[in-house]
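Enquirer: Dropping a structure here in structure tokens format, bear with me for questions.
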Amino acid sequence: MVGTATNGRMRQAFSVVNGVQDLGLSSNPTSNAGSECGTIEFTREDVEALLNEKMKYKNKYNYKERCENMLDYIKRLRLCIRWLQELEGDYAFEHEKLRNALELTAQRCAEMELNLQNKEEELNLIILELRRSFASLQEKLAKEESEKLAAVDSLTREKEARVNIERSHTSLSEDLGKAQEELQTANQRISSINDMYKLLQEYNSSLQHYNTKLQKDIDTAHENIKRGEKEKVAIVENLSTLRGQYKSLQEQLSSCRASQDEAMKQRDALVHEVACLRVELQQVRDDRDRQLSQVQALTADVVRYKELATSSEELEAKCLSQSNQIRTLSTQLASAESKLQMSDLSALEKRTEFEEQKNLISELRDRLEDAEFKLIEGEKLRKKLHNTILELKGNIRVFCRVRPLLPDDNSSGDGKLLSYPTSTEALGRAVDIMQNGQKHSFTFDRVFMPDASQEDVFVEISQLVQSALDGYKVCIFAYGQTGSGKTYTMMGKPGQPDQKGLIPRSLEQIFQTRQALKSQGWKYEMQVSMLEIYNETVRDLLSSNRDSSRMENGYATKQYAIKHDANGNTHVSDLTVVDVCSTKEVAFLLDRAAHSRSVGKTQMNEQSSRSHFVFTMRISGVNEGTEQQVQGVLNLIDLAGSERLSKSGSTGDRLKETQAINKSLSSLSDVIFSLAKKEDHVPFRNSKLTYLLQPCLGGDSKTLMFVNISPEPTSVGESLCSLRFAARVNACEIGTPRRHINNRPSDSRLSLG
């Protein structure tokens, strides 16, 4: 930090940032007023050391130690942030104090300047009078030169008057000098105060820059995750193209091998034919030599045997024909040898081409292996970054969504009801609401304005949904008054693909990711259940005999019991569990559950949900290569809307439904209030809803709440209550999310997690 300690506080040494015992947290009890900092102060080196601190573990697989170190690190970060907030408050107070002192000094300077002006005016008047008297004396002196004695006396008096005037003038000059010196000292003080004010402004800007840097780091982490997803898709596409190229190269290789085999066969045939021709040529040469010897013998005996002249002519003709045959055979031998050379050259070219293709295939295999390794590493980095961001942000995150004004809404009101701050720290995270001329400000993890689309909302939770495939328990629920857009956020509008809700989009992403992870050896099994809590009664929305399971008085004949096991899982007895393999199957089940859900008409909403809807998907995955097993749970909950009887006009069954809904939401508020105050007893059993959500609110789950508010001026009271409840939820701290990699239990019954 810049500067020294203010307001007389002693700076406590903070030499060892990595050690918990140096912080003195055990000796300073915590309180809800934010007094955990005590008298501890930090320096710039302390803060940089704390931010640059790297966790050291004795055993990197000891997740308990890592979680404890991470929790301790988060506590120290919060301690530092609270100290910075207190220091900023001190600086603001000091700045206000200096500003008041500056204003007081400026007033004094103005008064002194006014006094100086008055004194100058008096001195000017005196000087003017003296000048007038001096003129009159000169006139008298000119007129009364004859009266020297009188003139001498008057001259003496005039000298005395001049001496007195000079003395008074000297004293006034001294007073004026002192006033100027005081003015200079005041100006110096003002300049020093301005310098100090500039230093304070620089320090405040450094703090704002630091907060902006933290927000940019989080945004950068989000962008890196999104970029990793894009690179992942590109790598998958490259893998598919490389596999196609690999297949085509294999086909070319097989064709080359076939052609090479044919060329080798032709070469062997030609070699065999050449050998045969060489044998025949040798036989012909032997015949020729033998016949030549016979011709020589016959020509030698021509003289003696003239009678054999006819026979010798025949022999000569035969020899001539044989020599012609020898020429043709030698020609055929030369052509065979040339064909053999050509086949050797073609075989050499084929072998070279085969070696090049072999090298290309090995290079492509190496690139394929590198791409698969980068894909796996990117997936690991994405999981690590997402889990780290969730741990730093807290387990219960809160998103606020404001629905747009509808044509039937009453838009009459004084001024704008909702506003969204545009400062660097609050952009996209803050909302202000006006009630009776008073502004109430709230800050959440994300605020969606009325023009936000369903796709914009889903992009923010896509990584959280992805965690269910990684073995985490994930819970997302929507809260708000009736008609604020909860069901639209969770389910969307049927028949309009661009307005699909979070539940259909989450299921599409899960099945797409499941298909993509098959190349890494992962196989997943998924089970789905859907239930509603209507008038404090659990109903199975997928039951085949749903109509026959109700009595005439509206109470279900079949009772469903909610039970928790030792591992923190929640089981609902006799609940229908369906194995699913595709998005179409889940869409069919969602449509079936939507037709079975309890809805009704009120004065505030034509299609008002009269029950709490709970969609649960249990995910079991196993990696055949690493033999690792994961179990994740995805809970998507659409809570019934809170409403006031004076506005809804509910009577009869609607009145009972409204009372049951408000009672369960009041129990949920009591649970959140107890968690925020860290009380020993949390009243989860006060309602079926809170008992069902116990693992999500007080366990090791990743939990996100959507608070939906209406922009109608007539709903400002309910919107303000919803925002206050959401702020209380955002302040809750629950257990650290834990990845479930245990073996799959023998009981395949679906649990809420």
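Glycine is no exception: its Cβ is also placed from the backbone N, Cα and C atoms.
TrEMBL: automatically predicted annotations, no manual curation.
Note that this is a predicted model, so its numbers are computed, not measured.
The ATP binding site annotation in TrEMBL covers Gly480, Gln481, Thr482, Gly483, Ser484, Gly485, Lys486, Thr487. The coiled coil annotation in TrEMBL covers 84-231, 347-381. The domain 'Kinesin motor' annotation in TrEMBL covers 395-732.
Context for these features, please: burial, neighbours, distances.
Expert: In this view, Gly483 (ATP binding site) is surrounded by 26 other Cβ atoms within 10 Å of its Cβ, with every protein chain counted.
Outside the coiled coil (347-381) by six or more residues, the chain places 228, 231-232, 235-236, 238-239, 242-243, 245-246, 249-250, 252-253, 256-257, 259-260, 263-264, 267, 519-520 with a CB less than 8 A from a CB of the stretch.
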Enquirer: What count of other C-beta atoms do you get within 10 angstroms of the C-beta of Lys486 (ATP binding site), across all chains shown?
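Expert: A 10 Å sphere around the Cβ of Lys486 (ATP binding site) contains 27 other Cβ atoms.
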